[in-house]
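Features as listed in TrEMBL:
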- Gly19, Pro20, Ala21, Gly22, Thr23, Gly24, Lys25, Ser26, Thr27: ATP binding site (BINDING)
- 15-228: domain 'Cytidylate kinase' (DOMAIN)
- 1-24: region 'Disordered' (REGION)
Amino acid sequence: MSAQAGPTGVPRRRIAIDGPAGTGKSTLARTLAERLGGAYLDTGAMYRVATLQVLRAGIDPEDAAAVIAASADLPMEIGTDAGSERILLAGEDVSDEIRTARVTAGVSAVSAVPEVRANLVGLQRRLASGGGTVVLEGRDIGTVVLPDAEVKVYLTASPEIRARRRTEQDLAAGRDADYDEVLAAVIERDRKDSTRAASPLRPAEDAIVIDTSDLTLDEVLDRLVALAEGADASHGDAAEGNTQ
Ligand code: DC
């Protein structure tokens, strides 16, 4: 993990934040990018858009061959502005629709297809290739998308805490949510995401693992800012351990 100049000559600071759903990852990654004045990319949203396209085409997400055909040409536009979530599919703003239970239920199958991943990983690397600070949030950023990122963090928390947070988030956003159902879905999605053959969910060997179960968002954010600033200062000799 080292800080080098990017193609524009601006020092590069690529921050990979991985982990399962419900760890506060999205809020933290977005807030961190804002705090550092950097760009932000929600890679989970990209898999969700691919899933929406598959569902709109009437295709079963488990039918890998049909999924590949339906998502090969994905008319998606995704911004890297930390201050606004704007994701378009064929020109239509789908930022709410990609969060529905229907899309969430299909996304593990779609994101397990290697061809879908190759397509989206290429796009993610292009979006992260400028100079300056960029925060990428996902499941395989530190292991596959940017294995040489300057900062790699893996956020985790117990399934019960993650299900409680997800339920509260959904209710606050006006979506239906039942804790027991959310918990079952969290456990099932973890199982699928971490046992799939293509880029399974796991911490990179050199990632800093932060268990957020007993921490507030602000406490985690402070740690992330300190890690990012440490990467600035170290310019090449990141001597962090891999647990915190
Ligand atoms: O973070 P999220 O819940 O929006 O992600 C949706 C799904 O996309 C998740 O079940 C796993 C998948 N995903 C992935 O496989 N790789 C990523 N880099 C990001 C998300």
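For all residues, glycine too, the Cβ spot is worked out from N, Cα and C.
Unlike curated records, TrEMBL annotations are generated automatically.
Remember, it's a predicted structure, so these values are computed and weren't measured experimentally.
Here the features listed in TrEMBL are painted onto the structure.
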| residue | record | Cβ neighbours (10 Å) |
| --- | --- | --- |
| Gly19 | ATP binding site | 27 |
| Ala21 | ATP binding site | 21 |
| Thr23 | ATP binding site | 23 |
| Lys25 | ATP binding site | 26 |
| Thr27 | ATP binding site | 15 |
Three-state secondary structure, Ala21 (ATP binding site) (per DSSP): coil
Other same-chain residues whose Cβ falls within 8 Å of the Cβ centroid of Gly19, Pro20, Ala21, Gly22, Thr23, Gly24, Lys25, Ser26, Thr27, the recorded ATP site, in sequence order: Leu28, Leu155, Ala157, Arg162, Arg165, Thr212
Annotated binding-site residues Gly19, Ala21, Lys25, Thr27, filtered by Cβ under 6 Å to ligand 1: Ala21
Overall pLDDT for the domain 'Cytidylate kinase' (15-228), taken as the rounded mean: 94
